[in-house]
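K.L.:
A single structure is presented below for examination.
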């Protein structure tokens with residue numbers, strides 16, 4: 001709907017909500033069904049007489065939970081044989097450093113395609129361990145678009161090519177998996193994993209912090225091709241070596257058992273929702289709904305990212321009058337729409353539309369946006 | 001009470017318990033009051049309309065939670081000024097490696113006092129980063145006692161001296177803080193932190209995996225003296241540098257927010273219990289009760305550790321007839337006493353008596369032990 005100042009719009013629901021619509025960039029919304037299940041069994045899981053958090057990770061009940069979570073993820077993502085799934089700690093940031101420790105020899109090099117804040121950080125954290133070549137970047141375009149594949153200067157001798165499939169802060173998403181030849185493609189999918197089907201066989205390694213589309217913070221899920229686990233890497237403690245984690249089924253030391261449990265519940269929920277094809281379609285509709293409200297606002301709201309690069313997961317936008325940002329954040333919060341403030345690096349506003357954010361939330365947001373524009377002409 | 005085969009004992013309560021008595025070595029029992037609080041606010045924390053897991057760690061409400069948890073820990077442990085408290089990830093095992101990365105220069109050395117499995121592992125994980133000298137060990141005594149202080153061969157030029165104050169598997173506890181001169185003392189307190197008052201000023205660095213006396217797995221609490229944060233360490237990614245975590249109030253990247261939250265609730269619970277002096281007294285009574293039942297069993301049960309080294313937190317014991325171990329584990333489990341199987345490295349039985357295990361649980365265990373001995377003469 002076209003929005004003009006002064007247009008009358010239906011008034012917003014003002015009943016207090018017990019749960020808000022949560023647009024947080026991460027830690028982010030978790031499916032309510034998952035939270036309710038966790039709540040119901042928080043003191044007595046699986047008839048054990050104890051919380052899942054109070055049980056040994058090496059006991060049979062938790063081992064079964066862990067195996068089922070992996071099996072469900074394999075099923076959801078159609079992970080081929082020849083890939084291992086790891087449940088790790090440290091956040092994606094730690095793995096910015098740990099990936100080159102594992103995949104490159106001393107003196108080796110790797111190529112990075114930098115499309116925003118997180119790609120920059122991946123380069124910085126990798127630098128002590130590898131010659132981290134920026135082989136493609138859209139920094140000169142202020143990360144408002146993706147660097148064209150033709151502009152990438154890839155080194156065929158690189159140990160890997162690193163991409164960030166979705167930039168949480170800049171709101172830029174790389175939907176097409178780039179062809180990088182025989183060099184393994186490594187992807188930080190922290191903020192778009194499980195948001196749509198993806199061809200895992202195109203990647204050497206996929207990793208994701210859990211706190212956007214998987215579960216609570218403090219867990220990293222990694223999918224890694226067997227041959228990469230056989231690379232010698234460099235001298236380091238066992239605890240940093242992915243091959244050791246794989247050989248120990250991610251129980252080289254005590255894992256984040258609560259995170260693993262909630263990830264497993266989320267994977268079950270995703271299967272109940274129809275899997276990733278269904279989620280992909282829902283996420284497309286959610287993003288289209290919000291971008292349409294922005295683009296159709298006659299310039300009241302603006303989404304700065306080039307259309308082809310717009311993220312379905314994180315939608316940064318601005319108001320034509322920046323002084324209204326703070327008003328928008330305050331009033332939307334009062335209306336039960338949480339965490340719409342933009343990242344401090346960019347300012348403005350941002351709505352994150354992860355899997356656990358339903359279309360209903362997006363519709364509540366667009367209704368609020370129309371009402372807000374009407375009230376603050 | 002002296003126990004002899006054939007003695008009649010009161011029969012055990014056979015009503016089903018909704019919550020079992022949990023003697024798990026870790027992940028371990030969490031105070032029921034903490035779990036109930038977490039359960040009650042799992043979907044709506046602090047009036048936010050969202051779970052604490054769904055909120056940004058950089059938002060004001062979580063920052064306040066985080067600061068309060070630190071303040072309560074400082075209060076509980078009387079942590080002096082000049083020490084920083086960090087909330088990290090990776091388990092103690094990762095910090096076996098990360099501590100030498102931070103505290104020693106290239107080519108440096110550190111002294112390790114090895115009193116069991118975890119001390120051995122600390123040495124192995126440190127070895128890629130430092131000359132890890134075993135300056136004292138009780139391996140020749142099968143870790144059944146502590147190596148006498150006089151036997152330690154300390155190097156005054158070491159970057160630090162590392163001890164494991166409580167060995168979770170071997171059940172050996174170092175209650176007296178050793179004098180190691182001017183070299184900073186570094187202590188893995190994973191399994192006895194917060195179990196009694198401790199003079200923090202005697203240590204350079206204290207660290208503990210949370211999953212015994214603090215909260216769920218996936219969180220490490222570290223207390224580190226400021227001067228150690230100023231050591232240059234060696235070239236490494238920022239994410240591995242404690243000084244960076246300190247400079248960013250443990251929010252260099254997204255922390256384990258759920259773990260931090262539950263740790264905070266546990267610290268509040270400990271204060272309500274009367275603090276560490278009260279806990280220390282309770283833990284003494286609990287351990288005395290169990291050791292007395294073992295020692296008073298006329299050899300039916302045996303605790304192998306030398307009296308002066310016996311852990312108050314983890315009590316390994318055996319039955320005179322090893323074939324009864326499996327029967328004991330099965331029957332105790334059926335009676336609502338969880339996780340009494342010994343670690344696979346040692347066999348036998350083990351009861352962990354962390355803060356969240358009440359005296360009532362220990363009394364239920366000793367009553368069961370008497371009954372078991374009576375039935376399986």
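Cβ atoms here come from the backbone N, Cα and C positions, even for glycine.
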K.L.:
Looking at the pyridoxal 5'-phosphate binding annotation from TrEMBL, with A:92, A:93, A:118, A:168, A:188, A:253, A:254 already listed, which candidate in A:39, A:211 is the matching residue?
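P.N.:
My reading of TrEMBL gives A:211 as the candidate in that site.
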K.L.:
So if I measure Cβ to Cβ from residue A:254 (pyridoxal 5'-phosphate binding site) and keep only same-chain residues at least 6 apart in sequence, which ones fall under 8 Å?
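P.N.:
Non-local contacts for residue A:254 (pyridoxal 5'-phosphate binding site): A:57.
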K.L.:
Three states by DSSP: which one describes residue A:188 (pyridoxal 5'-phosphate binding site)?
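P.N.:
DSSP call for residue A:188 (pyridoxal 5'-phosphate binding site): strand.
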K.L.:
Rounded to the nearest Å, what's the C-alpha distance separating residue A:253 (pyridoxal 5'-phosphate binding site) and residue A:58 (L-glutamate binding site)? Just drop the number here, would you?
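P.N.:
Just about 10 Å between their Cα atoms.
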K.L.:
Return the maximum Cα to Cα distance in Å (whole number) over the record's pyridoxal 5'-phosphate-binding residues: A:92, A:93, A:118, A:168, A:188, A:211, A:253, A:254.
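P.N.:
The span, Cα to Cα at its widest, is 30 Å.
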K.L.:
Between the Cα atoms of residue A:118 (pyridoxal 5'-phosphate binding site) and residue A:212 (N6-(pyridoxal phosphate)lysine), find the distance and write it as a whole number of Å.
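P.N.:
A Cα-Cα distance of 14 Å.
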K.L.:
Going by a 10 angstroms cut-off between Cβ atoms, which of the recorded positions A:58, A:212 has the sparsest surroundings?
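P.N.:
Per-residue Cβ counts within 10 Å for the recorded positions A:58, A:212 bottom out at A:58.
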K.L.:
I want to check the contact list for residue A:93 (pyridoxal 5'-phosphate binding site): same chain, sequence separation of six or more, C-beta distance under 8 angstroms. What comes out?
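P.N.:
Spatial neighbours, sequence-distant, of residue A:93 (pyridoxal 5'-phosphate binding site): A:121, A:125.
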K.L.:
On the 0 to 100 scale, where does the mean pLDDT of the domain 'Aminotransferase class V' (A:21-365) fall?
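P.N.:
Averaged over the domain 'Aminotransferase class V' (A:21-365), the predicted model reaches a pLDDT of 97.
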K.L.:
Quick check for the class: what is the C-alpha distance, in angstrom and rounded, between residue A:168 (pyridoxal 5'-phosphate binding site) and residue A:212 (N6-(pyridoxal phosphate)lysine)?
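P.N.:
It is 10 Å, counting Cα to Cα.
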K.L.:
Would you kindly determine which binding-site residues in the set A:93, A:118, A:168, A:211, A:253, A:254 have their Cβ under 8 angstroms from any Cβ of chain B, listing them in sequence order or replying 'none'?
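P.N.:
Near chain B - Cβ to Cβ under 8 Å - we find A:93, A:211, A:253, A:254.
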